[in-house]
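As recorded in TrEMBL, the features of this protein are as follows:
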TRANSMEM  A:12-34  transmembrane segment
TRANSMEM  A:75-101  transmembrane segment
TRANSMEM  A:108-132  transmembrane segment
TRANSMEM  A:138-155  transmembrane segment
TRANSMEM  A:194-217  transmembrane segment
TRANSMEM  A:237-258  transmembrane segment
DOMAIN    A:306-551  domain 'ABC transporter'
REGION    A:626-715  region 'Disordered'
COMPBIAS  A:702-715  compositional bias 'Basic and acidic residues'
Amino acid sequence: MRRWSRVLRTPVGIAGVTMLGLVLLLAVLAPLVWGDHADAVDTDNLLAGPSGQHWIGTDNLGRDLLFRVLVATRLSVALALLATAIGTTLGLLLGVAPLLLGRRVGRLVVAVVNILVAFPGLLLVLFFAVVFGVGTRGAVLAVGVAIAPGFARLVQTFVAGIAERDFVAAARIAGVSRLRIVVRHVLPNIAEPLIVNATITAGGVLLSFAGLSFLGLGVQPPSYDWGRLMQEGLSGIYIHPLAALAPGIAVILAGLAFNLTGEAIAGAFGVSTVTGTADPLPHVPAGETPEGRAAHEGTVRDDLVLDVRDLAVSFPGGVRPVRGVSFGIAAGEALGVVGESGSGKSLTALSIARLVEEPGRVDARRLTFCGTDLLEQADHDELLGTSLAVVFQDPMTSFNPVMRIGTQLAEVGRHHQGLSRRSALARAVDRLAAVRVRDPERRARQYPHEFSGGMRQRAMIGMGLMGSPRLIIADEPTTALDVTVQSQVLELLQGVRREQNAALLLISHDVSVVADVCGRVLVMYAGRIVEDLPTDALRTDARHPYTRALVAAVPDMATALDAPLATIPGQPVDPAHVPAGCAFAARCPIANDRCRTEEPVLRDDGTGHRVACWHTAEEVELLSIGTAGGLDTPSPRGSGYSTTDDGSGYSTTGDGSGYSTTGDGSGYSTTGDGSGYSTTGDGSGYSTTGDGSAGRVASASERIETKAPGEEVAR
Amino acid sequence: MTTLTPAAAPIRPAPRTRGIPGGRWTRFVVRRTGRLLVSLWVLVTASFLMIHLVPGDPVRAALGLTAPPDLVAAKRKALGLEDPLLTQYLHYVGHLFRGDLGESIQSQLAVSDTISQRLPATASLALLAFAVAVAVAIPLGVAVAVATRRGRRRRTELTFAGTSVVLGSIPDFLVGVALVAVLAVNLGWFPVAGRSGATSYVLPVIALAIGPAAVLARIVRVEMLSVLDTDYIRTARAKRLPSLRINLRHALPNAVTATLTLGGMLLASMVAGTVLVENVFAWPGLGSTIVQSITTKDYPMVQGTVLVYGVIVLVVNTLVDVALALIDPRSTIGDS
Ligand code: SF4
């Protein structure tokens, strides 16, 4: 019931339900109250225009049009509801038939429905109008039968979704009869979307019926519905346009009443598509974070390719996935960033590349790349386009599927280096050769789907080499790849870095990958750098408990390959609710009261090794980490934030929100063909938006961050 | 196509290449042609059966209660209604192949002549309206998507959403009536009815195009929005391409692929939509013919026009599928 009240809380819902109530009220009362007025003949006022006596004029017998329009409500609505009832019942039967009748007959039904829905509703209506005969009865049957296939398709889609579920499969295995499965298990689960769609369908039927009567194929005189009134009005449109317009407006309003109500119910029951109003961004002034205070203003090194001070990324609602990160990279240096998903490492990379989109907001005290201040409002496109190379995680989705690889590489040359189309393409081929793509001429003409994953990642690196990169940002460049090609891609990155003397920022959840490639590592936790140390020191001199846990979790040669994967016990911090004090405290085996109240500052020990922990000096028993929480900690999902690390940035817009009648996508499922005829449309078959991305995000969020057997940790 | 395979059923390997040699394209074309042929057969059979499904004697109904019995009998014989059903069916199909759609009961004219005379008026109307709808919807949808992305300009978004929902749900013939009342009768800018010169096209085309344009624009917007959030658009942004190129060259083709499916449905339904709009504007096309012949119970004429409408729709659907396969080689061909 709460959901029903939610219907009434939206403006659309209020408007729809109010209108629908009025329409239904009129349908009941109007003929009783005004029935006689509507038939009263006023011979003094034939075809009269609007007057005090007849507000919107009269027809050719001098009957009052306003009353006639009002009285016609009953017949119009009643016939529409009747036809809808016939159509939806028939559609429901056809829709569940495949489930009831078994596979072979089911296929036939599906095939027939598929053929029928290919025809526009109006054609079906006309066909059946002929078959059932011209007149009210024929028209009701015709419209009813004509909407059945579309509704059946919808039901089939919903049923297909339910039939795959476990409880249906279980019932089937348990030998429950088909009829019972349908009645007890399937129908209750699809009832809501069906009712919503039936409501919207009724709106469409109302319009169809008006059309049929307008053509003279529906209600016959002396009865009249809105369509009939319109037809009578049209013949006199020169003298008296309102006579045709008034019933038309009535049809539209009534149709809208059904549609809006349906949409509102859909919205309340399904996934709301409207994003909440954006909260003002909590703006933490730079320098007020502990790390900011710790960083010394004066020490600006000019050998840095990239210099980042106090970088923060925030989203509306007070979510701050990156909370003050400072570091620099020198030319030719390879710097790794490790951390769990949600640690803010990918967003850090994206914000450096200036790829964080609204409503995400990037603040920093300093952000210079090759000596250029990126925070300045200026056009940095050429610099970033030629000197910054970005390699993304998933090469499968990072190339445009409908453009040739060569073209996609050549674009950089065309737009930033002033190359002609031909020479840009030649350079693209050359670059493909440089990243050891064989037969680059032919490969350049191919589409991404003709490339293997590893090959695509090479091409992506090649794309970065179109210019002369000073910095290569590689965000999990090997995570989506086969183990066999991972090392090749890493080697390629290394080679490119050396050849070009470029800096490399390698983001990974895998400590061993970073340890192989990089000289220095930043360990990130909950949007902060918690430790910054040379890779050599990882095994020997890691001081932060989190770093040590990460390192201890890395399998070494002695580890059995089939040993179970381990995680660090406890859950990563939800960026929307960062606790006071040290963010790691909840998972830290040596946390004390100070840790829980006071946030540790990232301190440099003088050698460049930075740590943010109150207890770095203590030799800690890390034994408890591996054993305390067991191996199967829940995966860090469901915070609503999991999309962020993916770079798409906090997207709750939900425009293709699974439920096909809700989102913006619903427009086409319900309005169907614009003329209002194929009322149920084909929303079912057409759901290309939405869900795909959600699934991808879920799978992309790295569930298990560190791989190792528990014993290893506990040693 | 949705096939409802019970979850517990054993998985059978799909007979992929059986019987059909050649590449994926060949298979696609063969399969699609097969579907077209089956649909055509259903259509032809339905239109044949129509005259037999009509309650009562169709000839009696057409000629009226006062018509002399021998005239009715003669007419029935001429129409072949006395033959066995199968003979009639074969006869009907045979004549179809020769382009013979029979003869009007009312005017005695060949149905095919009437149709070929009236088809151009309908086809030009539908195609023009479709072109207008696409030409308006795609730029509009793209512009709104780009402008309102990520919660920006919420007011624009709401206005667009509201307007497009309302416009999309007003049936074309009502738009037509309103247009006639305001622009033709009151203002006298355009002819009220008939087909005479370019200006006579304006109102019917608007009436037909406005709803589909609104629907299409919404879909283009939704598709654009989802495409703009993809990884490859992020890659394009990482390349620092001009936003015009990102939106038009990188995003639009991907958005249009999905839009096209619906565009085809819209075109098909526009063809059907002409029936009502033609009646509003007394347009001398197939739409007025079909309604007239239904009211006068001129069944051969109804059969012919329904058939022609149906064939057009089926052909349009097939063409759209082929176009889809051409634009996006990954999607349509691979699976069924
Ligand atoms: S500050 Fe305290 S809670 Fe945080 S890591 Fe160090 S010891 Fe653990």
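All residue numbers here begin at 1 and follow the chain in the order shown.
Even glycines carry a Cβ here, placed using N, Cα and C.
Looking only at the domain 'ABC transporter' (A:306-551), the predicted model's pLDDT averages out at 86. With Cβ pairs under 8 Å as the measure, the transmembrane segment (A:108-132) is packed most heavily against A:194-217, out of A:12-34, A:194-217, A:237-258. A Cβ distance under 8 Å defines the sequence-distant neighbours of the transmembrane segment (A:12-34), meaning residues of its chain 6+ beyond its ends; these are 6, 67, 70-71, 73-74, 76-78, 253-254, 256-265, 267-268.
Non-local neighbours of the transmembrane segment (A:75-101) in the same chain are 23-24, 27, 107, 109-110, 113, 136, 139-141, 143-156, 158-159, 163, 178-179, 181-182, 186-187, 194, 198, 201-202, 205-206, 208-210, 218-219, 223-227, 250-251, 254, 680; each lies 6+ residues outside the stretch with a CB under 8 Å from one of its CB atoms. Residues 79, 82-88, 90-96, 113-114, 116-117, 121, 124-129, 131-132, 190, 194, 197-198, 201, 204-205, 208-209, 212-213, 217-219, 672, 678-685 of the same chain sit 6 or more residues outside the transmembrane segment (A:138-155) yet have a Cβ under 8 Å from a Cβ within it. Residues of the same chain lying 6 or more positions beyond the ends of the transmembrane segment (A:194-217) and with a Cβ under 8 Å from any Cβ of it are 76-77, 79-81, 83-84, 87-88, 92, 121-122, 125-126, 129, 134, 138-140, 142-143, 146-147, 151, 154-155, 158, 225-228, 230-231, 234, 247, 251, 254-259, 261-263, 265-266, 269, 661, 670-672, 675-680.
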